[in-house]
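Here is the structure we will look at.
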Amino acid sequence: SSWNTYIGDAGTRGVSGGERRRVSIGVDIIHGPSLLFLDEPTSGLDSTSAYSVIEKVRDIARSGSTVILTIHQPSSRIQLLLDHMIVLARGQLMYQGSPQNVTLHLSRMGRKVPKGESAIEFLIDVIQEYDQSEFGVEVVAEFARSGRKPPQLTEEEMSVSTAAPTPPPANRGHDWKNNRRLALKASEDSDYGFDRSVRSPYNNTSRSWSASHIGVVHQLRFTPTRQRTDQKAPNPMSSSPGYYTYSSDILPGTPTPHSSDYTVNENDYLTPDVAPKTVQHLGPKFANSIFPEIWILMRRNFKNIRRTPELFLSRLVVLTVMGVMMATMFMNPKISMQGITNRLSFVIFTVCLFFFSSNDAVPAFIQERFIFVRETSHNAYRASTYTIAGLITYLPFLALQAGVYACIVWKALELRGPFYYFFIVLYASLLSTNSFVMFVSSVVPNYILGYAAVIAFTALFFLFCGYFMNSHDIPVYWKWMNKVSTMTYPYEGLLMNQYQTNQTFGYDPNMKPVTGFGILSSLEISTVEFKKWENVIIMIGWAAFYRLCFYIVLRFGSKNKRT
């Protein structure tokens, strides 16, 4: 029913919370991971939605993936879906095994599950009772490790968990440690025989948390019940090329300490070292090869543009309107010094316009960066293919923008030189400035700083492009800024295309004709034909350089870290 429904956000109504959670899980499994970690996938959902999510997760596990998830207070229906369960309290293991064996585990502790009550919920109540007692949860953890029964609680201590939890006295941990705990350690013939080694949990510092702060966490693991059909070797440690080794294959004989009949050893939880000197073949890191991955990302980019055309349409409308204004303002330039000034003004304004038109890419990518970080954190695709697909997607739209503007102003301003060169310069200018803006947006943390950085660089590039001061007149210590400025090359290229000729464009005060070569010479711009193509190559080189920097930032700087 929600096939054609947008996911939605804070300002747009979309799918429900359960459907959004299932979509989130679907994004994580789209590349078929062998191992999937989920952190509280049912948080904030009602019981029906939570059950639906866990049911889908179980289907994922049955299809061949190992799923490990954390969950708080699962309902009885959800508990029936679980294959393996780990209960933690204060960072210690309280129980590990099948949910169906919780009742047996409690009975061996000497606690009987009341009729009609969930065994798992009763286990949590028991853990809370011990946590609020002077023994602490360490005795329950000791029972899970070695099978030594914890000391029985009094009726008063067992009734504490039914009351509202209150903060303990400030000296509770001190008294408990110095009195009861020391008595237990001093008793050599204790009936319980607690571990007194350095690694014992009893050597931890005193606790001062209230019962309301108990961190009881369920960690549940689904294990695949269906094996890969193309696994040929019977050895459980063998790995078929192209697939990960499953945890159920690696640990087929690991005992589960859910019974007091077995005393576990820490070596039971170590992966058996069958081939210590052999390298396990974990299969491909990414689900797709490079070219199919580029095609998939391109299709998604075009689909996003079709769904939200505002970004490119707004840029196209701006260039169209400004082109019409330039055509009507500088139409039919006169053969005079004012006509030359008008053409120079048109050229520098066009260069600045094309630079500013790419600034709207700053918030667009910053918003998309969060999606990129999440998707690449589990190897959904490569940073290189993302960069290449984004570049290829932009190319036709940038060509359309440059072509529309060029067609509007070319005839009206009676520009000379090859039209295709005029178009190529505008196109290369858009490409280089777009690459620069994308690089800046990948570095800054938010769009406010992104806009500030782009505006600052725009001012610097404009100042040193050669319009206000000829490149040869710029001080030596600032000449490098003229070379770095991405406005220098389209500015000089457009002037070369217009004035590399002996045609007269005006007359000086002495009524001597001013030719195109004379204008370029006065501006100290080259009059050699191939130099204007050199400017195009430099602009394309700057575009490639900024795209490479963009890729490096994505590859090594954009990590999935919580702040």
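Yeah, the Cβs are placed from backbone N, Cα and C, and that goes for glycine too.
Any TrEMBL annotation is an automated prediction that lacks curation.
Positions annotated as region 'Disordered' by TrEMBL: 147-176.
Look at TrEMBL and you will find 293-499 tagged as domain 'ABC-2 type transporter transmembrane'.
Residues or ranges marked as transmembrane segment by TrEMBL: 312-332 (among others). For the transmembrane segment (312-332), the residues of the chain that approach it from at least six positions outside its boundaries are 305, 342-343, 345-346, 349-350, 353-354, 357-358, 360, 397, 400-401, 404-405, 408-409, 412-414, judged by C-beta separation under 8 angstroms.
As annotated by TrEMBL, transmembrane segment applies to 344-366 (among others). Within the chain, the transmembrane segment (344-366) has long-range Cβ neighbours (under 8 A, six or more residues past its boundaries) at 311, 314-315, 318-319, 322, 326, 330, 401-402, 405, 409, 413, 426, 429-430, 433-434, 436-438, 440-442, 444, 446-447, 450-451, 454-455, 458, 461-462, 465, 467, 486-487, 490-491, 494-495, 498.
TrEMBL lists 386-413 (among others) with the feature transmembrane segment.
The feature transmembrane segment is assigned by TrEMBL to 419-440 (among others).
The transmembrane segment feature in TrEMBL is assigned to 447-469 (among others).
Tertiary proximity for the transmembrane segment (536-554) is limited to same-chain residues at least six positions away from its ends with a CB under 8 Å from its CB atoms, namely 372, 376, 383-384, 386-387, 391, 421, 424-425, 428-429, 431-432, 434-436, 438-439, 442-443, 486, 489-490, 493. Residues or ranges marked as transmembrane segment in TrEMBL: 536-554 (among others).
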